[in-house]
Amino acid sequence: MPSLRLLRFLTNYLGLRSTAMRHDVRGNVTHNCSRTKQEVVRERLLKMFTFSLTFVRHGETQYNREKLLQGQGVDTLLSETGVQQAEAAGQYLKDIVFTKVFVSNLQRAVQTAEIILRNNTHCSGMEMVLEPLLRERGFGVAEGRHKEYLKNMANAAGQSCRDYTPPGGETLDQVKLRFKKFLKALFKQMLDEHLSSGPGASSGASASGDVAQGTAAVASDTPPRCSADDGLQDVLVHTLVVSHGAYIRVAIWHLVEDLNCALPAGAKMQQVFSPCPNTGISRFILTLSESESGPVLSAARCVFTNRKDHLENLTDGQ
């Protein structure tokens, strides 16, 4: 049962203001509006669901090493270094009980996810969902060519390399649309699976966590302790997504800029939106609620982005 402190917080958060008791002419209490609103808050709390969303970029491929663009048309396996990176990421995340795993259906992402799951204490052998919506950004005629080729094309067009779309490639808005479609389906699946059983269903977080935790964490001056379970305290459901560098960068941009995701205290925007290294890890805590039109994102916070602590002991860098 949610604590009174949390209920008071949610009363303000949901825009519900307590009102005084009503009295009749004899001074008798006729209706306790404040108690009624607390019951509404409890009902809404039971319809809220919090889960973690952890992104991992695939390990290095030979094309990455040679700075060649892969996009969707070049579908290669990991290099030896990439396998080591995936093993390191798997060891780093080994104690996290992932309940859902979604993976781009390109080989480099699938191989990375397989290695991560094989190293996981709880999820070894877990079935993963191959999701085409998580594929890398398409780079059209630039796929298979050196990054300098794309840079030169962008310069000739008077655009930045990130914003430029080569002939036959995907625009950033098209990539974002794919991510939005994935999020919409994910949100619906989360609520259908965890709230469909009624009041007894899991809320995905304990009473001391969920929305209140999300807002308090941003205001904290405590430096991050850089642990694999950062942000997961009191969160019961964990989703893993294994995808690609350009795609994850667009996803993070959408979560932060479009969905107003709260950032960690002291976070620098340059680092938040920086390119994700091979097997770089990013994590978000999302709280959903039900509405007549479908799932609604009620609160979101970023725990960290592009973390690569697990790569420090690798002899061959990234």
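Along the chain as shown, residues are numbered 1 onward.
Backbone N, Cα and C atoms are what each Cβ position is placed from, and that goes for glycine too.
What TrEMBL lists as substrate binding site is Arg57, His58, Gly59, Glu60, Thr61, Gln62, Tyr63, Asn64, Arg108, Lys147. For His58 (active site, tele-phosphohistidine intermediate), the same-chain residues lying six or more positions away in sequence with a CB closer than 8 A to its CB are Leu78, Gly82, Ala86, Ser104, Leu106, Arg108, Ala109, Gln111, Thr112, Val242, Ser243, His244, Asn278, Thr279.
The active site, tele-phosphohistidine intermediate annotation in TrEMBL covers His58.
The active site, proton donor/acceptor annotation in TrEMBL covers Glu136. For Glu136 (active site, proton donor/acceptor), the count of additional Cβ atoms within 10 Å of its Cβ stands at 27 [all protein chains shown].
The sparsest Cβ neighbourhood within 10 Å, among the listed binding-site residues (Tyr63, Arg108), is found at Tyr63. Looking at Arg57, Gly59, Thr61, the binding-site residues in this record, the fewest other C-beta atoms within 10 angstroms of the C-beta turn up around Thr61. Taking Arg57, Gly59, Tyr63 as the binding-site residues under consideration, the smallest Cα distance to Glu136 (active site, proton donor/acceptor) is found for Arg57.
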